[in-house]
Amino acid sequence: MKKLTPMMHQYLTIKEQYKDALLLFRLGDFYELFLDDAIVASKELEITLTGRDCGLEERAPMCGVPHHSVNNYINKLITKGYKVAICEQIEDASEAKGIVKRDVVRIITPGTLIDTELLEDKKNNYLMCIYGNNSGFGITYVDVSTGELFTTEITQENLKQNLEDEICKLQPKEIIYSIEDNELEDFLRVCEKKHNLYINKYDQWRFEYDYVLKQIKKHFQIFTLDSLGFAKNHLGIYATGGLIDYLKTTQKRALNHLNKIHIYSLKQSMILDITTRRNLELTETIRENKKKGSLLGVLDKTVTSMGGRMLRKWIEEPLIDVDKINLRLDAVESIKEDILTRKELKENLKEIYDLERLCSKIVYGSVNPRDLVALKNSLKRLPNIKNIIINQKAGLLQSIVDEIDNHDTIKDLIEEAILEEPSIAVKEGNVIKDGYNQEVDQLRSASRDGKSWITTLELKEREKTGIKSLKIGYNKVFGYYIEVTRSNLSMVPTEYIRKQTLSNCERYITPDLKEVESKILGSEEKVISLEYQLFNQIRSIIEKEVAKIQNTARAIAQLDTIYSLAEVAYENGYIKPIINNETIISIDKGRHPVIEKMTNNSIFVPNDTYINQNEHEVSIITGPNMAGKSTYMRQVALIVLMAQIGSFISADSGTIGVVDRIFTRVGASDDLSQGQSTFMVEMSEMASILNNATNNSLLILDEIGRGTSTFDGLSIAWSVSEYISKNIKCKTLFSTHYHELTELEGKVKGIKNYRISVKEEGENIVFLRKVVEGSADKSYGIQVAKLAGLPKAVITRAKEILTNLEKNDITKHESIQESKDSKNTKENHQLNFIDMNKEDIANELKQINLHETTPIDALNILYRLQRKANDL
Ligand code: ADP
């Protein structure tokens with residue numbers, strides 16, 4: 001049996017505790033991985049796999065990465081879904097007796113990243129903890145890099161739907177969970193696949209009430225949960241306790257920047273399900289998942305990363321409280337009106353560093369001297385920023401002024417202590433300013449003086465020996481030395497001690513030289529370690545102020561968000577909407593905020609909207625394909641949503657009665673991964689809408705019933721429209737190619753027809769993009785197909801067929817009546833099809849030229865005709 005080396009013994013003992021992570025083991029300037037970890041990492045990171053004799057039976061597979069570039073490698077591993085445990089030397093190698101002590105200082109997981117280079121600036125990086133039992137879910141999520149912590153519970157019906165919506169809204173990078181109900185757990189696992197989530201189960205015992213209670217109390221240093229605002233038995237308590245426990249086990253430090261928990265309810269903001277978020281392209285486009293081309297892409301003029309993240313959150317969680325919305329709108333208005341204010345705000349905000357992420361770095365001890373200078377420069381801007389808005393009347397701006405602290409003590413401390421351009425590394429010196437600490441000054445002068453001693457010594461030796469070319473030099477291996485060229489060797493005194501022979505010279509040392517050297521080098525080393533100590537002291541002083549800096553950071557984020565909305569409102573000619581709790585949505589000359597930017601402003605045709613809840617809740621919109629139906633309906637939804645986040649709107653004027661939810665049903669694509677057909681997806685979306693919409697919701701239905709036969713589809717569309725206007729009474733825009741639906745106007749109260757107008761020019765059509773009252777009488781499908789470039793022959797043939805069909809009068813046929821005689825109607829329609837098919841068979845028979853038909857052709861024709869006859 002071979003004996004394990006002490007290093008491998010230490011490695012294996014540590015690795016035993018971190019089986020589910022790749023262990024990065026610090027050895028000198030490298031982080032090494034061994035055994036299976038090495039095999040995985042070398043493949044994933046494309047680095048060479050070597051081996052090392054560690055006393056195991058065989059050489060241990062090994063690979064390593066240099067410590068200065070370790071972040072890149074960690075990032076790669078995290079992106080590929082691994083956890084990484086960082087094992088450091090935890091004592092000074094020079095002081096160690098035997099093998100240097102090592103331990104894991106942090107486990108990095110996708111949800112616990114804090115290094116800014118690994119994170120997206122304007123996007124949060126959430127870790128979510130889900131606790132579930134038979135009464136519902138508790139959800140707590142945190143962004144460790146910014147210090148934001150939120151919790152909620154879901155206890156009503158639609159548990160699953162609400163959970164999925166919340167996950168999709170927050171897009172957490174990592175989820176941990178403990179769910180006591182098998183069905184709900186299975187559901188979460190389905191979500192994992194569907195939305196490509198990174199999910200791990202966390203030990204159930206960690207969610208026991210007493211245990212979570214202890215975790216929370218200890219973390220927040222409180223005696224009762226009441227001080228945090230938790231209601232009794234709130235499920236968020238479990239999720240929060242579990243999350244804190246997970247952070248403690250992985251981060252291995254007190255996370256003082258997580259000092260507030262925000263308890264929220266799903267009912268506090270507009271509810272948007274995953275389909276609606278995607279369809280309305282709120283933060284990214286459907287096709288390419290890009291911010292450009294989304295609503296966020298248009299509204300984001302924020303200058304700080306903090307503002308960028310907050311704007312995204314505002315868009316993801318539109319408000320439903322009229323007063324809160326108006327607070328935002330008033331603030332946007334007052335900044336929009338004032339060009340100078342906007343300009344000055346931008347200039348000052350531009351200089352503000354990501355204070356939220358900086359606070360996390362301070363708490364983690366990973367802040368560097370340059371970060372502190374950036375902090376100081378940011379803080380310097382705060383008085384200016386306050387001055388710019390101090391006279392603005394808007395209440396929200398006033399409270400922002402109140403929230404911003406100047407942090408003079410910290411600013412002055414950094415100003416006094418840290419060099420303007422310090423080194424990035426904390427352990428290389430060049431951090432502390434002269435005059436801040438006496439000892440640093442003395443050591444520095446010793447090292448400076450030492451250098452002049454060297455010059456004096458050089459002159460003295462030259463005189464003493466008479467060697468004019470004698471030089472004193474320095475290298476890392478020998479330290480200071482006296483260099484004499486070969487031609488002068490005869491003049492070298494006997495007391496010189498030879499150290500090195502080069503081709504044209506010899507190098508010597510003397511006791512005098514070594515004495516000076518030890519003074520110089522000693523003081524240099526000392527100053528570096530003293531600077532490091534002082535830096536840490538300064539960091540701890542700032543750490544005590546983290547909660548206050550976070551407050552300021554949040555206020556700045558809000559201000560930047562308001563600035564952005566004001567800037568966009570000014571640039572794009574948006575106006576302030578009137579917000580109330582009435583049931584009317586009235587928009588004058590509305591424009592689609594994204595599409596108007598893509599076309600030329602002058603080309604986009606504005607349209608009016610009027611929907612109310614009593615006589616006018618459902619608008620049926622007809623018009624040919626490409627006329628602009630989808631654009632119009634999405635435009636209405638986006639305008640309402642913009643208004644409710646506190647943004648000005650892309651219209652000439654608008655009154656928005658606040659809506660509690662927006663639903664969209666837009667041409668579904670097959671969800672094959674879930675084994676669902678287009679029609680099934682369409683119908684389940686429709687079911688969810690009809691079951692959840694309230695009379696305060698806004699519905700956008702872009703065609704329904706398309707995925708099945710005409711009669712089925714039409715009947716479904718018809719009865720859905722009736723159901724909405726009779727039972728739900730929510731504001732609805734419904735585009736359809738079933739012109740029959742327009743007959744509902746006048747029959748069912750609250751349904752009104754609109755069409756998007758087109759102009760016929762000879763055989764072609766021109767899209768006017770104007771929404772007008774009334775219904776379209778033609779589909780213009782063939783004209784649109786022609787515009788799309790279908791071959792001429794196909795177009796001509798389609799026209800022929802259409803004429804035939806029209807001769808059979810199918811389109812003019814008596815429209816569907818109310819349901820009592822719908823059966824008759826259906827039969828009538830079927831008869832009509834039978835007639836058409838008979839005529840088709842007859843026509844085909846007549847056209848056969850028997851002289852030119854081969855027996856095989858004849859058989860084929862017969863086969864086809866028989867199939868048609870079978871369908872009759
Ligand atoms: P539909 O839903 O009727 O098939 P879309 O809404 O998809 O039509 O519109 C088709 C195209 O017409 C859009 O891509 C857009 O570029 C353009 N469009 C729509 N509405 C307008 C408008 N009001 N002004 C200018 N162009 C528009």
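Yeah, the Cβs are placed from backbone N, Cα and C, and that goes for glycine too.
Unlike curated entries, TrEMBL annotations are predicted automatically.
Of all Cβ atoms in the shown protein chains, 15 besides its own fall within 10 Å of the Cβ of Asn625 (ATP binding site). According to TrEMBL, the ATP binding site annotation covers Gly623, Pro624, Asn625, Met626, Ala627, Gly628, Lys629, Ser630.
The feature domain 'DNA mismatch repair proteins mutS family' is assigned by TrEMBL to 697-713. Mean pLDDT of the predicted structure over the domain 'DNA mismatch repair proteins mutS family' (697-713): 82.
Beyond its flanks by at least six residues, the domain 'DNA mismatch repair proteins mutS family' (697-713) meets 279, 585, 629-630, 633-634, 636-637, 640, 659-668, 677-679, 682, 686, 689, 720, 724, 728, 730-738, 826, 829 of its own chain at Cβ-Cβ distances under 8 Å.
Between the candidate binding-site residues, Gly623, Pro624, Gly628, the densest Cβ environment within 10 Å is the one around Gly623. With a cut-off of 8 Å between CB atoms and residues at least 6 apart in sequence, the same chain places Phe767, Val784, Leu787 near Met626 (ATP binding site), listed in sequence order.
In three-state terms derived from DSSP, Pro624 (ATP binding site) belongs to neither a helical nor a strand segment and is classed as coil.
Annotation: Lys629 carries the greatest number of neighbouring Cβ atoms among the binding-site residues Lys629, Ser630 [cut-off 10 Å, Cβ to Cβ].
The Cβ of Ala627 (ATP binding site) has 25 other Cβ atoms within 10 Å, all protein chains considered.
The DSSP secondary structure for Ser630 (ATP binding site) is helix.
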